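**Q** Sequence annotations record features per position, and here Swiss-Prot assigns region 'Nicotinamide mononucleotide adenylyltransferase' to 57-224. What Swiss-Prot lists as NAD(+) 1 binding site is 64-67, HIS71, ARG98, 139-152, 172-174, 199-201, and the listing cites experimental evidence. Feature annotation from Swiss-Prot assigns region 'Ribosylnicotinamide kinase' to 225-421. The NAD(+) 2 binding site feature in Swiss-Prot is assigned to SER254, ALA255, TRP256, TYR289, ILE290, ASP291, TYR292.
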Amino acid sequence: MGFTTGREFHPALRMRAKYNAKYLGTKSEREKYFHLAYNKHTQFLRYQEQIMSKTKEKKVGVIFGKFYPVHTGHINMIYEAFSKVDELHVIVCSDTVRDLKLFYDSKMKRMPTVQDRLRWMQQIFKYQKNQIFIHHLVEDGIPSYPNGWQSWSEAVKTLFHEKHFEPSIVFSSEPQDKAPYEKYLGLEVSLVDPDRTFFNVSATKIRTTPFQYWKFIPKEARPFFAKTVAILGGESSGKSVLVNKLAAVFNTTSAWEYGREFVFEKLGGDEQAMQYSDYPQMALGHQRYIDYAVRHSHKIAFIDTDFITTQAFCIQYEGKAHPFLDSMIKEYPFDVTILLKNNTEWVDDGLRSLGSQKQRQQFQQLLKKLLDKYKVPYIEIESPSYLDRYNQVKAVIEKVLNEEEISELQNTTFPIKGTSQ
């Protein structure tokens, strides 16, 4: 039952008026109720007109960008634009060929998919999701910028129609785009920080020299740039202490070994209850720690133990490898892997059982065998001196942060120096 758009009674009000006219006594009383019903209907129409008027007056803005990657300059522009409109639509533009070239010319660890870029934007603006809307525009087949404005504008207008919004203003930081926006989209153009006075950064600068512009990369995009350094070795090889030292010195994050926490939380602190089905749970818990460390890292994140080590323990204690761990090893590679030789003093902390020299050597060989099997390049630190190990790993990290080549260090060992201390 819909309301009428003209001045005649709504059917429900007409029926109510007829009812009152039939069952209420005098003519004057009937006229009074007809008049009352008419007034109510008139008030409703005025209210409806006010709502429609407000809807028409709503100011809608739009922003276009590749966001490859998104950075704080983009975020600032979006929030400034949002303060000037009632509703803002952010369009993430993609072109398969162009985006592939951008990736190959970058220092990004892996190529972000369209879904990755949409996810960045949706995560950043999730608390304004009813006012800031994220859309995707496919630009494949359209001549490259700055050409192709006519074809591009037609695709944009189609998107506006499909997503049911009509912007009146477009926001941009590129002065050269003002005239084309006005000509091809017929929209008012507002330039936001065109001289880069507040945020002197661009996606191009971040792609090519990410560490130099690290402070401009939001945590959502950092996993595509942050370096991960995995420190692995057998029991009591000094991994955890070394990881903590490195994270503190380089002012960044680390991911602790989740397996120890799993034993305390799920097994009551005793590994005798460990079983084959526990290893995937430990790997998933460790991956959560790694994800958090990378997202909040300062250029580099240190990882205490990798999935190859988890697989080695599974083989050692359960007599066979786990296919889930095999998948984790392949799916989550690390940028740098450092293997500590198992030649430091063995300390029994209640969760260790491979304490004999023979057991330690056998486990070390198993780690090397698995590293070779999965074709993981690694740097082996042989010195039993904790100080030497610390300084040698620091030297590797300095090379990584300076974006120097470390391939000559991989699959080699540092010379033994000093004694255990």
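Cβ atoms are placed via backbone N, Cα and C, with glycine included.
Quantities reported herein were computed from a predicted structural model and do not represent experimental measurements.
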**Q** Taking the center of the Cβ atoms of SER254, ALA255, TRP256, TYR289, ILE290, ASP291, TYR292 at the recorded NAD(+) 2 site, which other residues in this chain have a Cβ no more than 8 Å from that point?
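**A** Leaving out the recorded residues gives THR253, TYR258, HIS286, ARG288, ALA293, VAL294, ALA301, ILE303.
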**Q** Just checking a number: largest C-alpha distance across SER254, ALA255, TRP256, TYR289, ILE290, ASP291, TYR292 for the NAD(+) 2 site, rounded to a whole Å.
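**A** Comparing all Cα pairs, the maximum is 12 Å.
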**Q** Only counting partners 6 or more residues apart, tell me which same-chain residues put their Cβ under 8 Å from the Cβ of ASP291 (NAD(+) 2 binding site).
**A** PRO223
**Q** What same-chain residues, at least 6 away in sequence, bring their CB to under 8 Å of the CB of TYR289 (NAD(+) 2 binding site)?
**A** ALA255, TRP256, TYR258
**Q** Compare the Cα of TRP149 (NAD(+) 1 binding site) against each of the binding-site residues SER254, ILE290, TYR292 and report the nearest.
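**A** Minimum Cα distance from TRP149 (NAD(+) 1 binding site) across SER254, ILE290, TYR292 lands on TYR292.
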**Q** Reduced to three states, what secondary structure does DSSP give SER172 (NAD(+) 1 binding site)?
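**A** Where SER172 (NAD(+) 1 binding site) sits, the three-state DSSP reduction gives strand.
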**Q** Quick one: pull the CA-CA distance for GLY141 (NAD(+) 1 binding site) versus TYR292 (NAD(+) 2 binding site), whole Å only.
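**A** Their Cα atoms are separated by 38 Å.
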**Q** Could you check which of the binding-site residues SER254, ILE290, TYR292 is the closest Cα neighbour of SER172 (NAD(+) 1 binding site)?
**A** TYR292
**Q** Taking only the binding-site residues SER254, ILE290, TYR292, which one has a CA atom nearest to the CA atom of PHE64 (NAD(+) 1 binding site)?
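**A** The smallest Cα gap between PHE64 (NAD(+) 1 binding site) and any of the binding-site residues is with TYR292.
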**Q** Using the alpha carbons only, what distance in Å do you get between ASN200 (NAD(+) 1 binding site) and TYR292 (NAD(+) 2 binding site) once rounded?
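**A** Each residue's Cα considered, ASN200 (NAD(+) 1 binding site) and TYR292 (NAD(+) 2 binding site) end up 28 Å apart.
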**Q** Measuring Cα to Cα, how many angstrom lie between ILE290 (NAD(+) 2 binding site) and HIS71 (NAD(+) 1 binding site)?
**A** 22
**Q** So if I draw a 10 Å sphere around the Cβ of SER254 (NAD(+) 2 binding site), how many other Cβ atoms end up inside it?
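**A** Result for SER254 (NAD(+) 2 binding site): 23 neighbouring Cβ atoms inside 10 Å.
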**Q** Roughly how many Å separate the Cα of TYR292 (NAD(+) 2 binding site) from that of HIS71 (NAD(+) 1 binding site), to the nearest whole number?
**A** 19
**Q** Mind telling me which of the binding-site residues PHE64, TYR145, TRP149, TRP256, TYR292 has the densest Cβ neighbourhood, counting other Cβ atoms within 10 Å?
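**A** When each Cβ's neighbours within 10 Å are tallied, PHE64 tops the list.
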**Q** In whole Å, how far does the CA atom of HIS71 (NAD(+) 1 binding site) lie from that of SER254 (NAD(+) 2 binding site)?
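**A** Given the Cα positions, HIS71 (NAD(+) 1 binding site) is 24 Å from SER254 (NAD(+) 2 binding site).
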